[in-house]
Amino acid sequence: MATTKNILNLTRTSFVHEKTINWFPGHMAKGIKQMQDQLRSVDLVVETRDARIPLSSINPQLEQIVGNKSRLVVYNKVDLAPPEIEQAVRREMTKRNQRVVFTDANAANSIKRIMNVAVDIAKSDMVKYPELSVMVVGMPNVGKSSIINALRRVGVGRGKAASTGAKPGVTRAMSSKIKVLESPPIYLVDTPGVMMPHIPDPITAIKVALTGGIKDNIADESILADYLLFRLNRFPLVEYHKVLGIKEPTDDIGELIEHLSKKIGALRQGGEVDVDKTLHYFLRSYRSGVFGRLCLDDLDEESVDAFFKNSVLNRPLSKNQDKKAKRAAQRQRSLEKAKSKNLI
Ligand SMILES: Nc1nc2c(ncn2[C@@H]2O[C@H](COP(=O)(O)OP(=O)(O)OP(=O)(O)O)[C@@H](O)[C@H]2O)c(=O)[nH]1
Ligand SMILES: [Mg+2]
């Protein structure tokens, strides 16, 4: 019988997937335009990322928009990531002279870390900042609106001002000013999560989709599940099979789906496996954190250096790449339009 230990000898050593996922609906393009228009009146940008994918949740396009504006990078959802990421991320952010805080939007104490940075800036020059204007930006579903609601709760004891939801693309337009502190006066604006028009690396796209940044029906859920299984097998202490109630680990997604569907009763009439339902269950389990606190990006110094060296952050898109990205985004928009009109 394969145990978690010896299955490591049987698992794939690499995951090859060549098709990337593009998701850039119209509201994102509009959102970017609104951000650019508003940026001049903003004192601080809170750039929110996902602690489970500290590198893959960096959107180079946002980096370009934010430019030299005063910025605080917030790694949210730390409750779902292993605590060790903090040290590695801090190391890299220090190298890049970038302020960073780690938050769980459901924990008031960690949310206060953002407030403290904003208060310090506001107090540093009360004439320059009669009220501090903060814009919260980031990829979809990283928790921007949740952070705003939490800051408001902590700062002025008031209820929800921004809609939140488990699926990406909940906030579709920039909000008006939301007061989160009376004195010194601090206001936030919420923005729609934005993806890159074109994600060059297919594995990065899979990681973003797995953590909920891209709509599941746009990504191929069977590929997401297969990559998840590949990664789970490579975290040696993760006993996902026990959590799922199946006998032993496997590196074959078909086999996993077959066992799991029986376990959770996801069967159609006649006993046929309900693949979609089982895939959803597997992905939902991962996202809820039941397999443990896992980071999908490699954060050793060598990998991080390679990421930044190869990253589009370092090189603006060539004319050709830019055209390609715009065409991909246009195709995506037409597809969504056709879908919404039930044409396909
Ligand atoms: N576990 C955990 N869940 C979080 C955290 N922050 C937000 N969430 C959940 O993540 C999901 C997305 O949160 P939102 O605040 O809507 O994310 P957003 O970035 O505003 O998303 P868009 O508006 O779609 O761009 C929701 O289900 C939240 O409850 C966190 O720190 N930890
Ligand atoms: Mg939102």
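First residue shown is number 1, and so on along the chain.
For all residues, glycine too, the Cβ spot is worked out from N, Cα and C.
When TrEMBL records Asn76, Lys77, Val78, Asp79, Asn141, Val142, Gly143, Lys144, Ser145, Ser146 as binding GTP, the matching candidate from Gly26, Gly31, Gly159, Gly193 it lists for that site is Gly193. In the three-state DSSP scheme, Asn76 (GTP binding site) is classed as strand. Only Ser145 of the binding-site residues listed as Val78, Asn141, Ser145 bring a Cβ under 6 Å of any atom of ligand 2; the order follows the sequence. A C-beta separation below 8 Å, combined with a sequence spacing of at least six in one chain, links Gly193 (GTP binding site) to Met28, Gly138, Met139, Pro140, Asn141, Val142, Lys144, Pro168, Gly169, Thr171, Gly213. The candidate set comprises the binding-site residues Asn76, Ser145. Of these, Asn76 has the most other Cβ atoms within 10 Å. Contacts of Val78 (GTP binding site) defined by a Cβ separation under 8 A and a same-chain sequence distance of 6+ are given as Ala51, Ile85, Glu86, Phe102, Thr103, Asp104, Ser110, in order along the sequence. Between the two most distant C-alpha atoms of the annotated GTP binders (Asn76, Lys77, Val78, Asp79, Asn141, Val142, Gly143, Lys144, Ser145, Ser146, Gly193) there are 21 Å. A simple Cβ count within 10 Å picks out one of the binding-site residues Asn141, Gly143 as the most packed, and that one is Asn141.
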